[in-house]
Amino acid sequence: MPVTCDTDRPWRILLVDDNALDRADAKAALLGGHDRRYQFVEATSANEAMHLCASSAPFDCMLLDFFLPDGDAHDVLARLPCDADKIPHLPVVILTGVAGTESRASLRHGAQDFVGKAWLGRESLTWAVENAIERRKIAREVMAERHLMDNQRQYLFEAERTARLESERVALLKDEFLATLSHELRTPLAVIVGWAGVLQRAQDNPATVKRGVDAIARNAGLQAKLINDLLDMNRIVTGKLILDLQRVDLGVLLDSAAEFLRPLAIEKGVEIRIDTHDGAPLELDGDPVRLQQIFANLLGNALKFTPGGGAITLTARRRDDAQVAVTVHDNGEGIDASFLPQLFTRFSQENSKAARVHGGLGIGLSIVKQLTELHGGTVSGDSAGVGQGATFTVMLPLRAIEQVGGDAAGTVAQAGAEAEAESEADQLMLIDLRGVSVLLVDDNEDILELSRRVLEERGAAVVTVNSVVAALAQLSAVRPQVLVSDISMPKLNGYDLIRTVRNDMRLDEYMLPAVAMSAFARPLDQQRALQAGYQAYVIKPLQPHLLIRAVARLAGLV
């Protein structure tokens, strides 16, 4: 390989000529040209020159006679190592007795210059050698820059290609997810709409009515779970989900999760077994609602892929003084080894057939992973292969770690409040609202009628209106004990209503407490409503016991 020349060392010149006198003339011309030092190495044939190029230290330039005993200059140029542009690494100056077409052709073969022996002198040869070395140096720099640009261009091409493929993958994933979401929402909706029509025609058949009501309730629950899963995923990825940590009995949570899914398991013919070893209380710090969600999701996933006659085993063991392991094992369809790395990836399902057969959005296991990590734990999944069942293991710390992240505005502890409401649902449905007057405002007639029936069943005196204008007119005539209003209404909305009530009508929270109802379920939405002047917030789809509790609390009954 050539080296970059500097002025502090002699230039190494390979002088190739079979005529000793011509070699002497060339050396004399260079040595007399200026004060630069030279180190000459001589060769008398093409083969000897090639041997020296391969075996000795690198040369700065070759002075090459055109005609040699074993070939000519073109043969030597063809044998020299070249770069991508077929320019020899070693600068070559041709020494020729006749400056004819052969000499000029040498330039096309890679020589930097040629000098006729007839006019060989100090200036001509020195100039030719210096320029040959300088041109080769410049050529190397240009090649290096070109190589760098090629690498950068290739890098940009690969980056663009990778980004394009990722964009296409995300777009495909999005399309598949939207198709799955559409299917999953339409399926229970079709059941609800279908049975609603049947009930309209079969009101005198109690058995049909009961079957229809059960189907509607079950499929409405499926839709609510899909929506809640999507909302949970959004809260998790945006850091808005806050755990309501408390000391909980793990065994009780596992029993609750199993009981929640046992009716489906019985219907499918799958046995659920719980093994907590000696049955002694196994306490840890955690959010009971989210922990139960973790185990219910894992059990539901196992139930989905376990055929009738199969079994699911839920095991809890203390691993050491700091951790507990909960294992969900099934003997169902199993998991292909190639899919194991994507188990906990959002919207991932093993194949489209599985999505069609078993349903779901492919976010349940991702939620499990995120909720487990929020508790400071880990989750893993394993399977011996298709048809060999699957095992999921959740490792949880017995003591809570410091919670990281979250939005202060989201600390309304909605999850904890909902959990409390659900656990007390039966008791809340028994609250007596007799003597409580309520003004109910909603532009949706179905929601208005449902809410009215829920409150009137508990004895409340309810007046309904379907707009903010009508509500303000009613409030000007008669003041109820509690105001319940939807947030999203056309023209004037629930915020306009409460602003007018609080500011213009001068009715504060003690004179007229108010409940906001909305399908917007983010903690930020709840916080905004409370700051606007409402005292309670009920999320749609309406859960009757939550509305009853809110009205009873604001009426001073609980």
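Each Cβ is built from the backbone N, Cα and C atoms, and glycine gets one as well.
TrEMBL annotations: computationally assigned, not manually curated.
Residues or ranges marked as domain 'Response regulatory' in TrEMBL: 12-132 (among others). With DSSP classes pooled into helix, strand and coil, the tally for the domain 'Response regulatory' (12-132) is 51 helix, 31 strand, 39 coil.
Within 10 Å of the C-beta of D65 (4-aspartylphosphate) there are 25 other C-beta atoms, taking all protein chains into account. Per TrEMBL, 4-aspartylphosphate is recorded for D65 (among others).
Positions annotated as domain 'Histidine kinase' by TrEMBL: 180-400.
Per TrEMBL, the feature domain 'Response regulatory' maps to 437-555 (among others).
The 4-aspartylphosphate feature in TrEMBL is assigned to D486 (among others). D486 (4-aspartylphosphate) falls within a strand when secondary structure is assigned with DSSP.
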Cα-Cα, whole number of Å: D486 (4-aspartylphosphate) versus D65 (4-aspartylphosphate)? 99
